[in-house]
Amino acid sequence: MAIPVVEPERYSEQLNAKRETLEALLAEFSPPPVEVMESPPGYYRQRCEFRIWHDGDDLFYAMFEVDPENPANKAVVRLDQYPVASAQINALMPLLRNAFLASRELRHRLFQVEFLTTLSGEALVTLIYHRPLGDAWEEEARALEKALGIMIIGRSRKQRKVLTRDYVWEKLEVDGQQWHYQQVENSFTQPNAEVCQKMLSWARSVTAGSQAGDLVELYCGNGNFTVALAENFRRVLATEISRTSVASAKVNFAANEITNAQVVRMSAEEFSQALKGEKGGRRVSEMALDDYQFSAVLVDPPRAGLDEASCHQISAYPSIVYISCNPATLAENLAILIQTHRIERLALFDQFPFTQHMEAGVLLARR
Ligand SMILES: C[S@@+](CC[C@H](N)C(=O)[O-])C[C@H]1O[C@@H](n2cnc3c(N)ncnc32)[C@H](O)[C@@H]1O
């Protein structure tokens, strides 16, 4: 993959190109005009990972640039700063590098550094090593946590040393309200927090006034959308496959005093079966599906999109909100959904400036 090059003066141009690509891809479905949600042109990613490249006693942050003609060819690119990553990550990069250079204990066989930062100001840094971590490492890493005002996790094979916490608290402001999100190391969170706020605001606007009905949400992650949308519905039933994210969603419901949502750990495919009455068991009976009157569904699947059966399943609901990180699979799924629904709203969220990647939101209403 090419390493994105941030050129703020080209920001509008690259965004227009994405809008045109999305319009062309979805033209056959006669969508309304695209609502375009901009990102800050630089310093927009809250999380980022770098390899550490050692050269004698020196070391630097690196990424690999893959030759598209010959993917086996990878060039090491040194990065002392990385304008894709948040300002906080850029501020920490040289401070941490200096600490590694000054301490053999911190630098010896250090292989990768992962940053998770927030708009709220918290930062969690994971240091990954090719050697076991002992008390001497812990002592120095604790001193570094204190000196830099960050949290550190040390990882190596079969070892995970959490010095303070394995999560950060993010604070997102949406439509004048503040929502608090626990974001756990190594689990999914939207990388561009500024754009995430716009996605949540858009999702709230397209579901406003739905209080008479219930929302069913697939791929809910840590409850990112659930928390912000709960007040738009009578009740919300959210599902997600990752154990960590489900636990986090529960924490986030409590942190935001959301009392009308429940989250269940289940794959989207299993959940489809449960909705059709083809799957039983404890988790299914605890959901008490008969108590819901779903008027809307929200899906936010991984890049692969939905399988055909899931598309037919969600076609059963009057209103569909589809958040997609891959317009190609979105278009494939829309070819099915359009048989029963029409597109009422379409948004482009520029989560990944200066890359080919696009995030889109579609509101579909039953014909
Ligand atoms: C693009 S993320 C969206 C998460 C969340 N909606 C958010 O805004 O942060 C996709 C989520 O789908 C989950 N996932 C992946 N495959 C799944 C499956 N087969 N069934 C249910 N969830 C799945 C992942 O764990 C991840 O949390």
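Numbers run from 1 along the shown chain.
Keep in mind that glycine also has a Cβ here, set from the backbone N, Cα and C atoms.
Bear in mind that TrEMBL entries carry predicted annotations, made automatically and left uncurated.
According to DSSP, CYS325 (active site) sits in a coil region rather than a helix or strand. Summarising the annotation, TrEMBL assigns active site to CYS325.
Marked as active site, nucleophile by TrEMBL: CYS325. With a cut-off of 8 Å between CB atoms and residues at least 6 apart in sequence, the same chain places PRO302, ARG303, GLN351, HIS357, MET358, GLU359 near CYS325 (active site), listed in sequence order.
Annotation source TrEMBL lists active site, proton acceptor at GLU359. Using a 10 Å radius centred on the Cβ of GLU359 (active site, proton acceptor) and all shown protein chains, the other Cβ atoms total 26.
Positions annotated as S-adenosyl-L-methionine binding site by TrEMBL: GLN190, TYR219, ASN224, GLU240, ASP300. In this structure, GLN190 (S-adenosyl-L-methionine binding site) belongs to neither helix nor strand by DSSP; it is coil.
Within 8 Å of the centroid defined by the CB atoms of GLN190, TYR219, ASN224, GLU240, ASP300, the record's S-adenosyl-L-methionine site, lie the Cβ atoms of PHE188, CYS220, GLY221, ASN222, PHE225, SER245, ILE323, excluding the listed residues themselves. Neighbour density at the Cβ, taken as the number of other Cβ atoms within 10 Å, is lowest among the binding-site residues GLU240, ASP300 for ASP300.
Here the binding residues for S-adenosyl-L-methionine are GLN190, TYR219, ASN224, GLU240, ASP300. Their largest Cα to Cα distance works out to 15 Å.
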